[in-house]
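Quick look at what TrEMBL annotates:
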type: DOMAIN; residues: 227-358; note: domain 'GGDEF'
type: TRANSMEM; residues: 16-36; note: transmembrane segment
type: TRANSMEM; residues: 42-63; note: transmembrane segment
type: TRANSMEM; residues: 70-93; note: transmembrane segment
type: TRANSMEM; residues: 105-124; note: transmembrane segment
type: TRANSMEM; residues: 129-149; note: transmembrane segment
type: TRANSMEM; residues: 161-178; note: transmembrane segment
C-alpha cells in the first residue's frame, strides 16, 4: 500500500497519539471497574485486553525504528477492531440464549465502539476505507441490531433506541463522513505543499538554484530593516565571448559551477542570488568593517582556486563592486552603489574588486 509523504507523516503522528490515548483509556476503564465492581465481571475484560496489547505495542514502538510505524499502525487497527468484539458477542449470544435481556446487560461501550471505529477509519488508507467500514460494522453493529430487530420489546425501550441510533444512523453517518473528510484533508495538504513548492520555485533561478530578484525581495521583507548589510555585485568577465566560442550550454554549465563555488567560499552569513544573466548578487549580513575588503575579494579569488570541470577555452574571472555598509532599509541605495563600483571594475581592466567608498578618491582595491 503506497502512501504519499503527507499521508505517511499524518499516519505516523496519528499512530503515536492514538496509541497513547488508547493506553490512557484502558487504564481508566480498569481503574473504574476496580473501584466500582460491575454486575457482570466480563465488563472489564476489554480493558485488560486493550491495555496488554497496547502496552506491548508501546514498548515495541519505543525500541523499533521509525520505518516500522506502518506495522504498528496495522496492529493498532487490529486491536481497536477486535477490542469489543468478544464482549459484544458474549452478551448478544447470552441474550439469544435467554440468560439476560440485552438492553439490561449490554455494557456501556457504544461510545467506545463508535470511537474505535473512527480510529480504524483514521488509520486506514483512503482506498481501503470502504472495506474497513464494512468489516467494522458487520462484526460489531450487526449482531446487536439483528437481535433487537427480533425483540421489539427491547428495541422500543430507551436503551434499545439508544443502541439502534448508535449502531444504525450514527455509525452510517460517521462511516460516510470520515473517509470523505480524510480525502479532503489529504487534498488540502497536497495543495498546500504544491503552493509552498511553487512559491519556492518562483523565488529561485531555475539554472543555478540561487535566489532570483523576487526571492531577494521576499528575503528583504522578512528580515529586520535595521540589519547591517553590504552588497556585492559580481559580473563574469567576457561571458558573451564564452557563449560564442563554446556555446550556450557550456556557458550555462559555467554559471552553475560559478554559483556552486560562490556558495561555499565565505564563512559568514550571506545571501547569494543570480541578479541578471551573468551577474551575481551577494549580500553580506552584519559584515565587519575592518575585514570587508579581504572578505569581499574572497568571492573573486574563489574562481581561481580550483580548475573547472570543463575546459572553457579562456580564464574565467569576476569583476566585483562592493557597496558601503548600511541598513537593510537602504537596500536600493547600496545596490546602486555596488552597481557603480562593479562598472568601475569593468571599465578599469576587469578581474578586480572595487569599493564604492574609495571611488571618489579614484582608488580601488584589486587583485589580478
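Glycine is no exception: its Cβ is also placed from the backbone N, Cα and C atoms.
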With pairs fewer than 6 apart in sequence excluded, do the transmembrane segment (161-178) and the transmembrane segment (16-36) have three or more C-beta pairs that lie under 8 Å?
no
For the transmembrane segment (129-149), find every same-chain residue at least 6 residues outside the stretch whose CB is under 8 Å from a CB in it, and list them.
77, 81, 84-85, 88-89, 92, 95-96, 102, 106, 113, 117, 120-121, 155, 160, 163-164, 167-168, 171, 175, 178-179, 182
Of the residues in the domain 'GGDEF' (227-358), how many are helix, strand and coil by DSSP?
62 helix, 31 strand, 39 coil
Spatial neighbours of the transmembrane segment (105-124) far in sequence, C-beta under 8 Å, 6+ residues away:
11, 14-15, 18, 22, 25, 38-40, 42-43, 46, 73, 76-77, 80-81, 83-84, 87-88, 91, 94-95, 132-133, 136-137, 140-141, 144, 159, 162-163, 166-167, 170-171, 174-175, 178-179, 182
Given the model, what does the mean pLDDT over the domain 'GGDEF' (227-358) come out as?
86
